[in-house]
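Taken from TrEMBL as is:
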- 85-302: domain 'RNase H type-2' (DOMAIN)
- Asp91, Glu92, Asp198: divalent metal cation binding site (BINDING)
Amino acid sequence: MSQAVLTLPYETIQEMNRYYKEYLKRNSPAGTVFAAKIDGCTITAYQSGKVLFQGNNCQKEALKWGDYDAFKEETSPSLPSWIEGNHIGTDEAGTGDYFGPVTVAGVYIQKDQIQLLKDLGVKDSKNLSDQTVQELARKIVQLDIPYSLMTLENEKYNELQKRGWSQGKMKALLHYHVIEKLTSKLHMDNPLEGIIIDQFAEKDVFKRHLYSENLEMPDHLFFLKKAERYSLAVAAASIIARYKFLSALKHLSAKLGIELPKGAGHQVDETAARLIRIKGRETLNSCAKIHFANTDKATRLL
């Protein structure tokens, strides 16, 4: 079967969700944002940002959303010389989940701490179970490793979104403030060679988001796709951010008396519909990202 794969930003995946509204499958696989079938091409969009096109016309359909270069074999990125040295890494969690906040963490590691993190089993949180994420996060924060963490609660997220902020701008500002908080914790005996962000936007777009709020780009900032593969600082940050997101989701579930699922699949639609029936539509503002397509899907289930 012919297939093509693109890796796309969350905003594009939500746009696709709306575009294929009439072709959506009712039961999407676990870990997906949506699945649709059009003209013999099955489209599956995953929470990771990967979108799989399979079947007839798959490349034609995929090219509506990405450049032809996206189909070429990935090449190894050019890495900064200090990636095995003293640096900061940042990553986020919750951006593809309907329920729960957005969390961003930053971790500073020194060269002599890299092996310690490897021995702990630190790697990208997306490849770890929730239980392992929780165990590793507790171990990381107990180490002599500076970190910072910020949480964008749902009420504030929805307020910013209504004011015209894209999710990309929200993430850019969160990463910026995490970096500022973390660098302020460092001392003279904490030399900083560079900062790596797990790339979610092009550098110029990130810079534009900062400039719109009269902020300057931090020095020695390096954007790297799938940075958690190459930087243990980013991998550790992804674990801390994911741990905070899971903790926040658990707290919201207990507060509402309803277990809030991760992701943005059909189970999420059903839970949102149940919340609306039991507690009213306004409840979503305090626990969900209401501009996601799940809000409309939940409404149709009522």
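From the backbone N, Cα and C atoms, a Cβ is placed for every residue, glycine too.
Sitting within 8 Å of the Cβ centre of Asp91, Glu92, Asp198, and not among those site residues for divalent metal cation, are the Cβ atoms of Thr90, Ala93, Val104, Ala105, His175, Ile197, Phe200, Ala227, Glu228, Val234, Ala237, Ser238, Ala241. With a 10 A radius on its CB, Asp198 (divalent metal cation binding site) counts 24 other CB atoms from all the protein chains.
Across the domain 'RNase H type-2' (85-302), mean pLDDT in this model comes to 93. Take the CB of Asp91 (divalent metal cation binding site) and look out to 10 A: across all protein chains shown you find 31 other CB atoms. Under the DSSP three-state reduction, Asp198 (divalent metal cation binding site) is assigned to strand.
Less than 8 angstroms from the CB of Glu92 (divalent metal cation binding site) sit Val102, Thr103, Val104, Ala105, Lys171, Leu174, His175, Asp198, Phe200, Ala241, each of them six or more residues away in the same chain.
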